[in-house]
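**Q** According to Swiss-Prot, the record shows the following:
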type	residues	note
TOPO_DOM	1-204	topological domain 'Cytoplasmic'
REGION	1-115	region 'Disordered'
TRANSMEM	205-225	transmembrane segment
TOPO_DOM	226-244	topological domain 'Extracellular'
TRANSMEM	245-265	transmembrane segment
TOPO_DOM	266-290	topological domain 'Cytoplasmic'
TRANSMEM	291-311	transmembrane segment
TRANSMEM	314-334	transmembrane segment
TOPO_DOM	335-343	topological domain 'Cytoplasmic'
TRANSMEM	344-364	transmembrane segment
TOPO_DOM	365-395	topological domain 'Extracellular'
Amino acid sequence: MTEPETLALLEVKGPETLEKSPPQALVPNGRKLEGEDEVESLGAESSRVGSSAESPTAREGTEDGLDSTVSEAATLPWGTGPQPSAPFPDPPGWRNIEPEPPESEPPTKLEELPEDEASLLPEKAARAFVPIDLQCIERRPQEDLVVCCEASEGEHRRTFLPPRATHPEPPECKWAEAVVKPPGHSCGGCGGCGGREALRAVASVGAALILFPCLLYGAYAFLPFDAPRLPTMSSRLIYTLRCGVFATFPIVLGILVYGLSLLCFAALRPFGEPRREVEIHRQYVAQSVQLFILYFFNLAVLSTYLPQDALKLLPLLTGLFAISRLIYWLTFAVGRSFRGFGYGLTFLPLLSMLLWNFYYMFVVEPERMLTASESRLDYPDHARSASDYRPRSRG
């Protein structure tokens, strides 16, 4: 182009074209952004004034210049179609710049337009306006691929992770929680309830320690029966075993109740979750069997050392065992700390018999500790007392 043509173009566009205008939003034909009507009206008035001041020769020059620019653009080697976007090299220091978070802008009229009106744009104008997103430029496809891979790996790890093994609580904890607390008593977590329970248990055992000799002496003195004459060791052992049959009654009763509880609560699986209503009877039966073995083993040994007048203690100790086990069973099922009373009535006679046997074995008759000789009733000093023995008459 010639110099007069370029000067005419600059005069038409005005000095505003020298400054870099900000990027305009994409607006279809016939639509204008809000706030631009006033600017365009002012520009139109200024252009009218300038055009009126110009000479007609300048107008002709501008028209010729526009035609020449169109002709030159038509002769360029590339067409009017959309050009492929070539990757531009990143300027230095581009990666060190952190992208600012996009501010929430009010929706433009293009977003509010329906699809029918948005399709009114010509194809060439739609190709010319390409929206640019800084976030898309900043994040390359390779980085997107890495992020997607990391997210998929995290999901796969979560799916293949084994579930955490839960440790089941011991049955004792479940029973303690299942016990119904009396109304009006609340525990604040200070540990005072545990101390009270311990004091009650100790007090119940102390009560058994006091009542055990009193009950045994009262039954020995006031019950109207006597033991038969048992001069030999074998006869005494047989008498003790026959008395022990009565002591099995609470154990057999506990086994029956345990079987019924298994049927009633459908707890027939041996390795299933234990139920409180079933475990109470099972523990009672197991503990009673253990105490029965220890109790009557010591009672049989005691029968070989007792004199004839004291053989009445054998059935009395047997009855005390049966009654004490029933008391313990009842208090254990209710869940009270007073069950120590029933346990004490079983354990304290057992401990007394053990100490008596040790006393006779090591102090009174150490020569007969491990021998099977007859009782001292067969000795010459005790023959007269044995012959003079007469059962006591009752009332």
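From the backbone N, Cα and C atoms, a Cβ is placed for every residue, glycine too.
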**Q** If contact means at least 3 Cβ pairs within less than 8 Å, sequence distance 6 or more, would you call the transmembrane segment (245-265) and the transmembrane segment (314-334) in contact?
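**A** They do touch: at least three Cβ pairs between the two stretches lie under 8 Å.
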**Q** What is the three-state DSSP composition of the topological domain 'Cytoplasmic' (335-343), stated as helix, strand and coil residue counts?
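**A** Per-class counts: 5 helix, 0 strand, 4 coil.
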**Q** Over the span of the topological domain 'Cytoplasmic' (266-290), how high is the average pLDDT in this prediction?
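**A** Reported value for the topological domain 'Cytoplasmic' (266-290) is a mean pLDDT of 81.
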**Q** Residue list, the topological domain 'Cytoplasmic' (335-343) vs rest of chain: Cβ under 8 Å, 6 or more residues beyond ends.
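**A** Residues 175, 179, 197, 200-205, 207-208, 324-329.
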**Q** Mind tallying the topological domain 'Cytoplasmic' (266-290) by DSSP state, helix then strand then coil?
**A** 15 helix, 0 strand, 10 coil
